[in-house]
């Protein structure tokens, strides 16, 4: 790496260190929006479940078998590797950079596709009150304007995004607290146990449950931007689990217990109708506005995670170093623009077209994360773990078993189209990795300098993972693309000339 590259890296590091770090409350809000964003969209679970019973049981039971295990595993690995990149670092540490890159590519691609839906959903909620957004003449400029505005907010700083998420979460959830209080005199508990198994759509039911309770690992891509991550991250995950479950159960208990409505009426946006029937038109308007604003929070949280994931992959050497460049606000400028461009190109897709596809790719990535978690427990028992799930290796393996079975079930329920599209994305990722290696060796783009970290003397054949510092990741076969940014700087520092040192100063 030349003098200019080292000075640029030093400036980026100084900017990152100077930018405000995320504290507990903004992190809880960001995790909440990564996973949920509120009860908007869970109405389909009542229809697909043939009545309220399976929906209520689902949001009580699924978190125990899915959300809690994923949150615990995320807390352990994110505090062991408190760097931007999150699960990309975990997979790379366990299985090498090739699989780490695949994990990052799958998660980023699915995240951008997911994010393309939120500006569309925002306008879908508004068009009920503002019919002008039904037409393409107003809709297309509005989509571009929303995307550009929210992208600029991401550019201005992660702490601003976190603070905005706190305000949006309060505004989005408070009308449901009011609705829950107003519904109490009208609740009839016997309505909660209604179910018609002949009308149960198991495929839609499981996809709805899974989609509304996943992405707990997403915030790990921001671990390098969190204040005292070893303390803050586990607390934030715990708080977010409680917030997400309550944000689903309270509106469902209120709506299904207070109203005698047919399950077929429960579809996207029905909570606005529930609000009108319980509280009046003012509550309906409030819920519609809350739903629209919630989509903005979902967009902001997703884009932040996607952009900092690309930044982390660049710092590890998996992507060209331009993706690690930061603005004066400490945000990854090129990574944000890349994610925003993907959102604009994919915003024509519908929610129904993308849900199964997102779930399938996410399932593949999560199975790889569970495998990495178990492998690191076996191969690196002495890894520094500021937070550790209080289970031995066998217990940790059993913790992964129920969610792994759920992932397999969701994948088995996918359609042929989903299998074909997902296979295409996976094959493209397999081809993209050697293409980036070729670009690196031809010096067509600058990558972070990567120095191999010595492997353990006890297992010389082992895939390189972390060294004594938990975030130092070795390169595979001494070729290259992974190393912890700080270890690279430490090893290069003695080779700098006095001129370079003075520039850095």
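Cβ from N, Cα, C; glycine included.
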Which listed span TrEMBL calls transmembrane segment, if the choices are 213-235, 236-258, 259-281, 282-304: 236-258
Where TrEMBL places transmembrane segment among the ranges 195-212, 357-374, 375-392: 357-374
Stated TrEMBL location of transmembrane segment, expressed as one of 26-48, 394-416, 440-462: 394-416
Where TrEMBL places transmembrane segment among the ranges 133-153, 469-489: 133-153
Recorded stretches the transmembrane segment (357-374) and the transmembrane segment (133-153) touching, at least 3 CB pairs under 8 Å: no
Segment-segment contact (the transmembrane segment (236-258); the transmembrane segment (422-439)) at 3 or more Cβ pairs under 8 Å: no
Closest-packing stretch to the transmembrane segment (53-73), where packing means Cβ pairs under 8 Å, from 133-153, 394-416, 422-439: 394-416
